[in-house]
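K.L.:
Mind having a look at this structure? Questions to follow.
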């Protein structure tokens, strides 16, 4: 049946129903498109079908229509919240279901990754890589405290506040045992804060500089020469192991640069050669014979 209008009344004249031919005089009838019919035949042959309940919309019912679709007035309700939409704004969605404006907005709104409820206009939210949360739903995976709009660290599908990330993932300094959150350096496969990797004597930072390790202590070149290095018994300068003369000759309680370990008389170099000690001085094997 089309959307054509019809009238309902009580027949005062001698008309018969267009369909069943029953007399209509004194009875309720419906006139549609120039035809008169009884109420039963109207529902059977002429009435529109309700889009929602699929039943005929009888002559006694209030009918609403929109885009060639028809509803009983009490069937014209929001598919989601069942609120009556008579005289209310609505939207026709998939499967010919009508929705109120509030439910439409909620359905089309992005869903919070935390609570899975819609994030509607006016809600404070957090967005990260095409994901969105209510501000109060964006929490630390470890301590469960709200991160909100604060700083955080992503780890796969998990998110951590700064404190929990430091405790769980940051490298620990070999000296102070506290987390290294930025910068730092590595020595012998161990991580250090730059401010912890310092000269044991002058406390200057050693990152990127030459230094010497003595057991568990580190020294810059200057402090090592001054405070730690042995003095060459020949030239009296420190034996540092840097540059020329990295080889050292040790004899009894004294040490020499390898190039300083030479015969007192003929100055022949004696490193890795036979020598003689006479009156506290070093000689080659031949020179003591000539004294």
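Our numbering is plain: 1 for the first residue shown, then up by one each step along the chain.
Just so it is clear, glycine is given a Cβ too, placed from its N, Cα and C backbone atoms.
The domain 'LIM zinc-binding' feature in TrEMBL is assigned to 48-109, 110-171, 230-291.
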K.L.:
Just give the helix, strand and coil counts over the domain 'LIM zinc-binding' (110-171), going by DSSP.
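P.N.:
Counting residues by DSSP class gives 10 helix, 21 strand, 31 coil.
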K.L.:
Over the domain 'LIM zinc-binding' (48-109), what is the model's mean pLDDT?
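P.N.:
The answer is 85, the mean pLDDT of the model over that range.
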